Amino acid sequence: MRTKAYALALKGMFTMSPERIHHIITRGMQLVQAISPLRRAVGSILPVNDPILRQEVFGVTFPQPLGLAAGFDKNGEAPDVWAAFGFGYAELGTVTASPQPGNPTPRLFRLPADKAILNRMGFNNLGAAEVAKNLKRRKSDAVIGINIGKTKVVASKDAVNDYRRSALLLGNLADYLVINVSSPNTPGLRDLQAVESLRPIIAAVQESTSVPVLVKIAPDLSDDDIDAVADLAVEMGIAGIVATNTTISRNGLRTPHQDVADMGAGGISGAPVAQRSLEVLERLYAHVGTEMVLIGVGGISTPQQAWERIAAGATLLQGYTGMIYGGPDWIRDIHLGIAAQLRAHDLSSIDQAVGSKLPWTLQ
């Protein structure tokens with residue numbers, strides 16, 4: 001019933017611009033955030049509270065493996081709400097040291113034929129100091145990560161201090177931090193994935209916080225570059241890698257080529273990035289999987305795809321576009337599917353399935 005209702009609501013939402021809908025949903029989430037009884041009521045219905053899904057990961061207890069990916073709650077305006085909707089955690093941001101408006105609108109587009117979204121938002125956010133104020137008003141201990149990126153007007157040569165500022169302001173308010181050097185929508189940002197550029201950024205963030213530090217990488221890296229980042233991650237002793245961000249590739253889309261071209265530049269999330277994100281995850285796990293946590297994100301639409309990421313080496317998962325197209329029941333279905341699959345394989349915890357290559361057996 002809820003799924004059918006959401007499908008009808010989605011048709012209505014798709015008559016409005018994507019960014020307008022995002023603002024409406026954000027306001028709704030802020031309302032749920034502000035009214036504790038409403039938040040508790042939602043939280044009594046949607047989450048899958050199954051002990052088999054609970055994990056201790058880099059010293060943090062995650063009640064469920066699927067989290068909200070960065071990009072939705074950019075300013076930490078509803079940090080307590082995401083657990084009520086069934087997410088095991090939420091990654092807030094991307095946050096930059098200084099406030100910035102992002103790129104000119106329109107900058108957010110739907111590709112419904114591909115169950116995808118194209119965005120060139122450009123890290124629009126209120127800045128680390130204001131986000132810190134929001135987080136200091138939190139009302140729960142739900143798990144949150146914070147994704148930090150480079151301020152657009154800051155030159156690449158000054159990126160280290162820019163990331164350091166964000167880490168100092170936000171590190172102690174999060175359960176973990178993610179260094180974002182992989183968005184395609186800030187000029188020159190992806191160049192910071194090069195090992196010699198990334199090393200001092202990681203060091204600065206690690207020095208500025210006591211919480212686990214991870215790095216988020218692009219799906220468009222070459223295999224050699226993936227290996228180089230993985231080796232650096234081990235060398236620097238970071239907690240994990242988030243794989244992957246959006247893709248700049250336009251290959252294999254069902255949406256007509258001219259329609260996509262008219263949308264312009266940006267990163268694509270959703271189904272089109274699924275296969276490459278899985279390949280990157282598999283390569284990372286083969287290379288460094290026993291030495292750090294891998295978070296699988298990118299095109300997870302079904303419980304089977306979620307299971308495939310775990311079996312390929314992901315300890316935790318994230319999604320954003322899947323929620324847009326699937327609604328709150330998408331979160332619930334993912335968790336029910338993972339729990340059922342664990343039991344189908346006679347496993348008692350997710351960590352036993354990570355990297356196991358066990359197949360999806362449910363019909």
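The backbone N, Cα and C atoms fix where each Cβ goes, and this holds for glycine too.
Marked as active site, nucleophile by Swiss-Prot on the basis of sequence analysis: Ser183. The Cβ of Ser183 (active site, nucleophile) lies under 8 Å from the Cβ of Thr94, Phe123, Gly149, Leu189, Arg190, Asn245, Thr246, Gly267, each on the same chain and at least six residues away in sequence.
For Ala70, Gly71, Phe72, Asp73, Lys74, Thr94, Asn147, Asn180, Lys216, Thr244, Gly270, Gly299, Tyr320, Thr321, the entry in Swiss-Prot reads FMN binding site, with the evidence type sequence analysis. Long-range Cβ proximity for Tyr320 (FMN binding site), meaning a same-chain Cβ under 8 A and a gap of 6 or more residues, is found for Leu68, Ala69, Ala70, Gly71, Phe72, Ser269. In the three-state DSSP scheme, Tyr320 (FMN binding site) falls into the coil class.
The substrate binding site annotation in Swiss-Prot covers Lys74, Asn119, Arg120, Met121, Gly122, Phe123, Asn180, Asn185, Asn245, Thr246 and is backed by sequence analysis. In the three-state DSSP classification, Asn180 (substrate binding site) falls within a strand.
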Who sits close to Lys74 (FMN binding site): which same-chain residues at least 6 apart have their Cβ under 8 Å from its Cβ? Leu92, Gly93, Thr94, Val95, Asn124, Asn125, Leu126
Can you tell me which binding-site residues out of Asn147, Lys216, Gly270 are within 10 A of Asn180 (substrate binding site) by Cα, answering none if there aren't any? Asn147, Lys216
With every protein chain in view, what's the tally of Cβ atoms within 10 Å of the Cβ of Phe72 (FMN binding site), excluding that atom itself? 21
I need the neighbours of the substrate site defined by Lys74, Asn119, Arg120, Met121, Gly122, Phe123, Asn180, Asn185, Asn245, Thr246. Which other residues of that chain put their C-beta within 8 angstroms of the C-beta centroid, in sequence order? Gly71, Thr94, Gly102, Ser183, Pro184, Thr186, Gly266, Gly267
Sparsest-packed of the listed binding-site residues (Gly122, Gly270) - C-beta count within 10 angstroms: Gly122
If you measure from the Cα of Arg120 (substrate binding site), which of the binding-site residues Asn147, Lys216, Gly270 is the nearest? Gly270
